[in-house]
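Worksheet: the structure to be examined is printed underneath.
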Amino acid sequence: DRQTLVAVLQFLRRSNLRESEEILRREARLLGDDLGAAALSPSAVGLLGAPGADADSVGGEALLSRVTAAASIAIGSSVATVASSIGGGVVVEDQPDVSAVLSAYNQQGDPTLYEEYYSGLKHFIECSLDCHRAELSQLFYPLFVHMYLELVYNQHESEAKSFFERFHGDQECYYQDDLRVLSSLTKKEHMRGNETMLDFRTSKFVLRISRDSYQLLKRHLQEKQNNQIWNIVQEHLYIDIFDGMPRSKQQIDAMVGSLAGEAKREANKAKVFFGLLKEPEFDVPLDDEDEEGENEEGKPKKKKPKKDSVGSKSKKQDPNAPPQNRIPLPELKDSDKLDKVMNMKEAARRVRLGPECLPSICFYTFLNAYQGLTAVDITDDSSMIVGGFADSTVRVWSVTPKKLRSVKTAADLSLIDKESDDVLERIMDEKTASELKILYGHSGPVYGTSFSPDRNYLLSCSEDGTVRLWSLQTFTCLVGYKGHNYPVWDTQFSPYGYYFVSGGHDRVARLWATDHYQPLRIFAGHLADVTCTRFHPNSNYIATGSADRTVRLWDVLNGNCVRIFTGHKGPIHSLAFSPNGRFLATGATDGRVLLWDIGHGLMVGELKGHTDTIYALRFSRDGEILASGSMDNTVRLWDAVKAFEDLETDDFTTATGHINLPENSQELLLGTYMTKSTPVVHLHFTRRNLLLAAGAYSSQ
């Protein structure tokens, strides 16, 4: 182990990282004197690249076993961080160095014994007590992958092949796609360019196991002197040990299935302000005769608040809400205030939904969409609908009798009397009125579209790697945002406008402001494509769903990941926050809708019923009903009130992740509505709680 330390020090010296070398020397000397229980200071843990090791629990012994790993792993990634954080002046790529990462597979045992090692462990786990068996079975998959990769890396191709053939059938069904990728890696050269495997190597696979089960495993491996497996457990797995009863098979199955195992319990401990921001107070004229309550300047009159006006209900500040000025939000313009007034008037006529009173559903079918419909959005006031197509066009329709018109040319505008009351009408050019406007500009399929809350702008994102901002006054492109180098799968405006988020094939989500060319925040952490993005109703958080089968919640203020939700068995394609901001619903290719309590960071429900990918989720305006739309050509309505009542979110559940999901999908399902042959790609509740659905008719 001394040799390993010396090797690291020599490497640092060769790379001219003198300061890092000094720090490591000092730390190592401290360890040299008292190897017994010297806990390592957090800074040194960072330096030695022991990812996921709790600073206080790393004793000398554990440290040395980690240093061995660090010698190979850390040189690629951690030294880069050391160099930049200490200011050594050496610029190292922040991507982990492939050869350094893979070389961790060098310390290998006898290749012919790998099958014996694995089947020995398998036999031990299958013969252990029921209460431990379910927990220890989680080891099968990550060990299988690492042992196979180790054989391939060390060029024992025939052993690797026979190992794969013998044991791949034992893995859980939801790892099938990963195993397909794995089976194509049969030579050392294949491993270099494969991102999925690189991720698997660099991020530790997280397993949550009770202390009793862990002790049992440790004893078995040490008695058997099964160092090969023990090394992999030490180096490539992060075992999150909890005190208490082992979890049952159902409890484990609900939470596992993502590319990197479960989330560490620490990952969901941060405080999240999930409450709503206080609405600005202004008065609402109640009587309809008072058309918009405008005076000469075209501004809403500021009346003295009447007792019965809707807007002046003084709402108390929600205790869970973020401070009003936590992130800067755009000022309300007068037109926004008018819109809020309209919204409140509509809300007064809103239908109260519930199991006894289901919404009517109005379905917009795109017929003859040979261009291939790839995205849909509907404005908040349900006046316009937009479709993104595979032929790289964006098409906007008016769904009210009011046609879409462009602003007049500059020459014509100069003739208009700017003081007149109907100036906003006069600037529109009647000659351009039509039901449909086609926007050209993208050079690839358009995968995401989003209207701004004030209906002045439209976002679209495409396979061409750009996000475009279009004006709905002129129906022209205003900006092309270039930041993603690969296809952009989704984009969405903040509920307050100004900010928007995009996510794509480069595995990161980016936060933008409409008036900045560069992103304001980059949210990195997913291990595969970011497939869908959603703003929290208070605009302080963003949820992203990914093909790595996890959902993450990010803090807009500092870019930190504050929640990681695992449990889906396939890529995630839809997200919806409940109107009160407390809950999140997610849908994926596994046909399940999962419900999450954001404050506690827990899964609180599972809705089974769809038989194909869920592409659309939406809560009704007051959150009583959750609607889901799927590729199985159905819209389903679920009782959200019942799903979220009597939740078990006590501290014990939060601490250990012993979640008990009731099998009550059938009781919560309020209705299933089939289309003839139209997959549902978008859902939207109008301000009066009519449900609008959209999709393209498919003739197959």
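Glycine residues also receive a Cβ, built from the backbone N, Cα and C atoms like all the rest.
TrEMBL lists 284-295 with the feature compositional bias 'Acidic residues'.
Per TrEMBL, domain 'TFIID subunit TAF5 NTD2' is recorded for 109-237.
Summarising the annotation, TrEMBL assigns region 'Disordered' to 284-335.
Taken from TrEMBL, the feature repeat 'WD' covers 366-407 (among others). Within the chain, the repeat 'WD' (366-407) has long-range Cβ neighbours (under 8 A, six or more residues past its boundaries) at 339, 342-343, 413, 427-430, 432-451, 453, 455, 458, 460, 462, 464, 470, 472-475, 681-682, 684, 686-687, 690, 692, 694-697.
In the repeat 'WD' (439-474), helix, strand and coil residues by DSSP number 0 helix, 19 strand, 17 coil. What TrEMBL records for 439-474 (among others) is repeat 'WD'.
What TrEMBL records for 481-512 (among others) is repeat 'WD'. Looking just at the repeat 'WD' (481-512), the mean pLDDT is 94.
Summarising the annotation, TrEMBL assigns repeat 'WD' to 523-564 (among others).
If you look up TrEMBL, you'll see 565-598 (among others) marked as repeat 'WD'.
For 607-639 (among others), the entry in TrEMBL reads repeat 'WD'. Listed by sequence, the residues of this chain that lie at least six past the ends of the repeat 'WD' (607-639) yet keep a Cβ under 8 A from its Cβ atoms are 347, 350, 352-355, 358-359, 361, 363, 570, 573-580, 585-589, 591-595, 665, 667-685, 687, 689, 691, 693, 695.
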For the repeat 'WD' (439-474), sequence-distant contacts whose Cβ falls under 8 Å of one of its Cβ atoms, 6 or more beyond its ends: 333, 335-336, 339, 372, 374-381, 383-384, 386-396, 404, 406-407, 480-493, 495-497, 500, 502, 504, 512, 514
DSSP-assigned states of the repeat 'WD' (565-598) in counts, ordered helix, strand, coil: 0 helix, 20 strand, 14 coil
The repeat 'WD' (607-639), counted residue by residue under DSSP: helix, strand, coil: 0 helix, 20 strand, 13 coil
